[in-house]
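Colleague: One structure coming up, written as structure tokens, with questions to follow.
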There are 2 protein chains.
Amino acid sequence: MSESDGTAPEKVRGMDWSRRPGDPADPVVDAEGFAGMAGLGLDSNFVVVHGAGSFGHFQASRSGVHKGGLHSTLVKAGFVATRISVTSLNQEIVRALAREGIPSVGMSPFACGWSTQRRDLASANASQIIESLHAGFVPVLHGDAVLDESLDCTILSGDVIIRHLAQLLTPKYVVFLTDVHGVYDRPPTDPNAVLLKEIEVDDNGGWSIVKPALQGNRKEVEISVAAHDTTGGMETKILEAAAIARLGVDVYITKVDTEHSLRALKGDVNTSSDDWLGTVIRAAK
Amino acid sequence: MSESDGTAPEKVRGMDWSRRPGDPADPVVDAEGFAGMAGLGLDSNFVVVHGAGSFGHFQASRSGVHKGGLHSTLVKAGFVATRISVTSLNQEIVRALAREGIPSVGMSPFACGWSTQRRDLASANASQIIESLHAGFVPVLHGDAVLDESLDCTILSGDVIIRHLAQLLTPKYVVFLTDVHGVYDRPPTDPNAVLLKEIEVDDNGGWSIVKPALQGNRKEVEISVAAHDTTGGMETKILEAAAIARLGVDVYITKVDTEHSLRALKGDVNTSSDDWLGTVIRAAK
């Protein structure tokens with residue numbers, strides 16, 4: 001999420017000064033360089049939320065943490081194992097951002113006191129996230145194992161976290177980074193798949209595809225969502241994106257590590273031109 | 001901190017199921033073994049707080065994070081670097097405890113929303129720590145870089161965290177684990193140093209050595225504290241320990257990784273016998 005675009009600093013000064021296992025000595029720190037900088041020269045007014053990827057899914061599914069039941073020793077052990085894995089990934093992402101000069105601070109939803117009630121967020125105080133943003137830091141949250149008032153415990157997904165933060169912080173826009181260019185009308189591996197460039201969501205949750213103009217029953221996004229669902233978690237992303245769009249916050253879904261994702265992160269998305277690849281989901285006017 | 005002693009399980013089943021860099025595959029998880037356990041068979045009703053050690057002190061002192069001033073780019077970078085280092089250590093400690101079957105969950109004071117006012121704790125909500133204890137987990141906290149209302153930011157030490165938690169949770173006792181047997185009347189490297197086995201603290205903050213009986217001016221603990229101070233941070237530990245003792249909570253200071261530390265952690269300390277090495281600090285009756 002971003003509220004303004006920014007320019008990159010002339011020279012990136014990394015902020016991961018920690019030793020790696022096997023490093024012989026303390027890292028070289030350009031303290032004088034930092035001290036002479038008027039500022040970081042980049043926009044830090046955003047929040048990063050990441051999922052678990054290959055970190056955590058194995059641990060959670062092996063023990064059934066998402067289904068709850070901490071009286072089971074296996075679930076309790078799986079809760080501990082899942083948190084170790086997802087916080088390891090969080091640490092790697094915070095380090096990678098810090099190496100690029102982004103003042104990132106890891107914040108685990110569990111440690112922040114976030115909890116759920118039958119998997120819906122029940123308690124999610126974001127005051128520390130807001131304080132960190134005001135202090136110029138970039139909070140980095142993640143999908144996490146959390147306590148649940150009914151189930152004892154469950155898994156809180158990054159997509160649900162993003163929707164909740166969008167409600168609380170009302171950012172200018174939200175970007176979902178994925179491994180495909182956006183939302184297609186059928187699985188993107190299908191050679192006839194069409195990238196849906198603009199989707200409108202109305203107050204009742206109904207959808208309409210604004211771009212491109214599709215024919216016949218291909219107007220139904222529900223069909224394409226169902227098709228996507230079998231190829232991996234796009235359905236949750238789209239449902240959460242639609243919920244965010246209904247708040248009046250534009251959502252950009254685009255491919256990570258491309259010029260399109262860079263433009264989306266800067267808010268530089270114009271659906272009337274053809275040179276941006278991605279899906280915009282917004283509220284119907 | 002512990003509220004009851006416990007017995008070790010017959011077989012330790014590790015809870016760190018995360019992959020290490022270079023590991024070829026997912027770890028072997030004894031899910032059936034866990035599922036068949038009625039419980040972990042050990043006491044998990046305690047909180048672990050650790051300092052930064054060699055993790056964090058370099059990063060904090062290089063940038064002056066403890067003195068505050070986030071308008072300085074160096075301090076901001078140092079804040080990020082310090083948090084990366086201390087959370088790396090926290091992750092290692094959580095993993096080590098989990099490998100021994102302790103259901104540990106890392107919780108960073110910064111992420112928990114703890115903040116200071118001129119280095120004194122200003123906001124320190126412990127509700128998530130209490131919830132975690134009730135759910136059967138062992139919270140693992142650490143000294144951390146935090147936001148400060150006057151200084152912008154500072155370093156919150158583990159010793160201050162322990163005192164605050166003792167106030168909130170009123171545990172049966174608190175154990176400080178160090179690299180010497182306890183508090184001595186002079187630096188422990190001095191061959192004439194005497195281990196102070198029992199110290200009483202009165203309501204006014206005055207101290208008296210109950211055991212052993214010392215002669216002349218060696219009754220003054222202040223002198224030995226000052227002497228210790230130059231050999232490394234024992235002074236803060238003793239001051240915080242005295243503050244905890246004044247709450248009516250016994251404090252045991254003892255050497256890590258010895259039979260004495262095991263006994264202290266179980267609350268099995270009897271100052272009337274000579275076979276326990278350590279210092280007990282308690283409130284005068």
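Placement of Cβ uses the backbone N, Cα and C atoms for every residue, glycine included.
Those TrEMBL annotations? Automatic predictions, nothing curated.
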Colleague: Given that TrEMBL assigns B:Ala52, B:His57 to the substrate site, pick the one from B:Gly136, B:Gly158, B:Gly182, B:Gly205 that the record assigns to that site as well.
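Modeller: The one candidate that TrEMBL places in that substrate site: B:Gly158.
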Colleague: Based on DSSP, name the secondary structure state of B:Ala52 (substrate binding site): helix, strand or coil.
Modeller: coil
Colleague: Using Cβ-Cβ distances, find the residues under 8 Å from B:Ala52 (substrate binding site) that belong to the same chain and are at least 6 apart in sequence, listing them in sequence order.
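Modeller: Counting only residues 6 or more apart in sequence, the Cβ neighbours of B:Ala52 (substrate binding site) under 8 Å are B:Ala60, B:Thr82, B:Ser85, B:Val86, B:Leu89, B:His142, B:Gly143, B:Gly158.
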Colleague: Among all chains shown, work out which of the binding-site residues B:Gly53, B:Gly158 has the most CB atoms within 10 A of its CB.
Modeller: B:Gly158
Colleague: Quick one: of B:His57, B:Gly158, B:Lys237, which binding-site residues have a CB closer than 8 A to some CB in chain A?
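Modeller: Listed in sequence order, the binding-site residues near chain A come to none.
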Colleague: Just jot down the residues in the same chain as B:Asp179 (ATP binding site), at least 6 apart in sequence, with C-beta under 8 A of its C-beta; none if empty.
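Modeller: Sequence-distant Cβ neighbours: B:Lys255, B:Val256.
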Colleague: Grab the pLDDT values for the domain 'Aspartate/glutamate/uridylate kinase' (B:43-254) and give me their mean, rounded.
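Modeller: Across the domain 'Aspartate/glutamate/uridylate kinase' (B:43-254), the average pLDDT comes out at 86.
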Colleague: Mind computing the max CA-CA distance among B:Ala52, B:His57, B:Gly158, which the record assigns to substrate binding, rounded to whole Å?
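Modeller: Greatest Cα separation within the listed binding residues comes to 13 Å.
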